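Features as listed in TrEMBL:
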type: ACT_SITE; residues: Asp32; note: active site, nucleophile
type: BINDING; residues: Asp32, Asp34, Asp203; note: Mg(2+) binding site
type: ACT_SITE; residues: Asp34; note: active site, proton donor
type: BINDING; residues: Asp43, Asp123; note: substrate binding site
Amino acid sequence: MKRCCEGVGLPCLFKGVGMASPRPPKYLLIFDFDETIINENSDDSIVRAAPGQVIPEHIRQTFREGFYNEYMQRVLAYMGDQGVKMVDFKTVYENIPLSPGMPDLFQFLSKNHELFEIILISDANMFGIECSLRAAGFYSLFRKIFSNPSGFDKRGYFTLGPYHSHKCLDCPANMCKRKILTEYLAERAQEEAEFERVFYVGDGANDFCPSVTLTSADVAFPRKGYPMHRMTQEMEKKQPGAFQATVVPWESAAEVARYLQEVLKKKC
């Protein structure tokens, strides 16, 4: 299936661990992270490492809609001031539970890795995602991970930055997943990689934005009852047929695994 995308290729940053494969994968599978792979919002989870497991009200009041990344920079600066260290954050990330059925889905993908090219697009941060995926044992499944840059400065403070700038009016100031996905598809097309179908697993409003670009051959897997699911339902009511991809809501990621299993059976 030929896909035309705007934008230029992304710089070689934020790469996950690649997997060698004798044949190009047939399918592209995109994951969100927070409340999709893991069963929590990791930005909320790391507050468990703060003194008293709370953030002062005067910092919480600085939050502005669409500027969560900036807010988290202030939260992390406060935690650094309070002496929270890398090991404290690492421990929290490593212990965040996976969403229901996610181990089943990852086991399925491990067994069929030659058929799927898997990437992760998340508005969390690179350090936290890597800690969580390595602890779960599934980091190597991902060809690339796109998330906000993060690390630790000379003081030992956990630092966070924005991923990029964009012109999308529907997404947070620091990240538009649609821009990332379209640029990735353009980059892979230049490398002569062709995908028969694209699958997108997510939960949030920022996952709805890229899923709108999917074609009728593709599948969107919104987590049932979460914003992405509600937004696909609302679009179908207001503009029937405008959302082209097949919509398969899930409560357990094992349902996603079963759907993909059926896709593979039909190809046999």
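For all residues, glycine too, the Cβ spot is worked out from N, Cα and C.
Just so you know, TrEMBL annotations never went through curation; they're auto-generated.
Same-chain neighbours of the Mg(2+) site beyond Asp32, Asp34, Asp203, judged by a C-beta within 8 angstroms of the site's C-beta center, are, in sequence order, Phe33, Glu35, Thr36, Ile37, Ser122, Gly202, Gly204, Asp207, Arg223, Tyr226. The Cβ of Asp32 (active site, nucleophile) lies under 8 Å from the Cβ of Leu120, Ile121, Ser122, Val201, Gly202, Asp203, Gly204, Asp207, each on the same chain and at least six residues away in sequence.
Long-range Cβ contacts of Asp43 (substrate binding site) within its own chain (separation 6+, distance under 8 Å): Asp34, Tyr68, Met72, Val75, Ala124.
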